[in-house]
Amino acid sequence: MGLKSDKWIREQSIENQMIEPFCEENIGKGVVSYGLSSYGYDIRVGCEFKIFTNIGGTVVDPKNFDEKNVVDFIGDICIVPPNSFALARTVEYFKMPHDVLAICLGKSTYARCGIIVNVTPFEPGFNGHITIEISNTTPLPAKIYANEGIAQVLFLQGDEPCETSYADKKGKYQDQEGITLPRILK
């Protein structure tokens, strides 16, 4: 399994729309950087957020998620409360090749401020926006800047295409648009 370079990422994005919209250069002046890098792609966070709250007084249950646990917010700057959590989505839409797995890591700009980003791997054959999990581990409110970088995606190409892709197994988050809350198939 090999890590893919900027040349490969550019080719896949231009010829096969692997990343849309695709930014061919790394933009970093005056913003949290985003776009193509040497061996990855810095994704942007969109302007839609779901911020966790305890107003509803419910328990967070991934098998039976209560939407009262979150407050919707749309804007250029999202304030994540101290020791709290928010969901967001990428600006970019991904169409993953059937022999490629992507891993996403948080950006050091945010990590150095106590903001931790988690994203599960993008499986081969996955199509959709990526839901981003953002944790504010500090005792202070934290700013997240919409339409700027939030994490870096690394692309790993397997030795051969997988037997069953995410699309083949009709993954529960396939073709997701916007922020997708937890789902359990029944």
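The backbone N, Cα and C atoms fix where each Cβ goes, and this holds for glycine too.
Going by Swiss-Prot, these are the annotated features:
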ACT_SITE  E133  active site, proton donor/acceptor
BINDING   K107, S108, T109, Y110, A111, R112, Q152, Y166, Q176  dCTP binding site
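Structure coloured by features recorded in Swiss-Prot.
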residue: K107; record: dCTP binding site; DSSP class: coil
residue: E133; record: active site, proton donor/acceptor; DSSP class: strand
residue: Q152; record: dCTP binding site; DSSP class: strand
residue: Q176; record: dCTP binding site; DSSP class: strand
Neighbour count (Cβ, 10 Å) for K107 (dCTP binding site): 19
Protein Cβ atoms within 10 Å of the residue listed as 'active site, proton donor/acceptor', excluding its own: 13
Chain-internal residues near A111 (dCTP binding site), provided their CB is under 8 angstroms and they sit 6+ positions away: V117
Euclidean distance between Cα atoms of E133 (active site, proton donor/acceptor) and Q152 (dCTP binding site), Å: 14
Pairwise CA distance, Q176 (dCTP binding site) versus E133 (active site, proton donor/acceptor), rounded so that it is a whole Å: 15
Rounded distance in angstrom between the Cα atoms of K107 (dCTP binding site) and E133 (active site, proton donor/acceptor): 13
Cβ packing number for T109 (dCTP binding site), 10 Å threshold: 16
T109 (dCTP binding site) and the residue listed as 'active site, proton donor/acceptor', Cα-Cα, nearest whole angstrom: 16
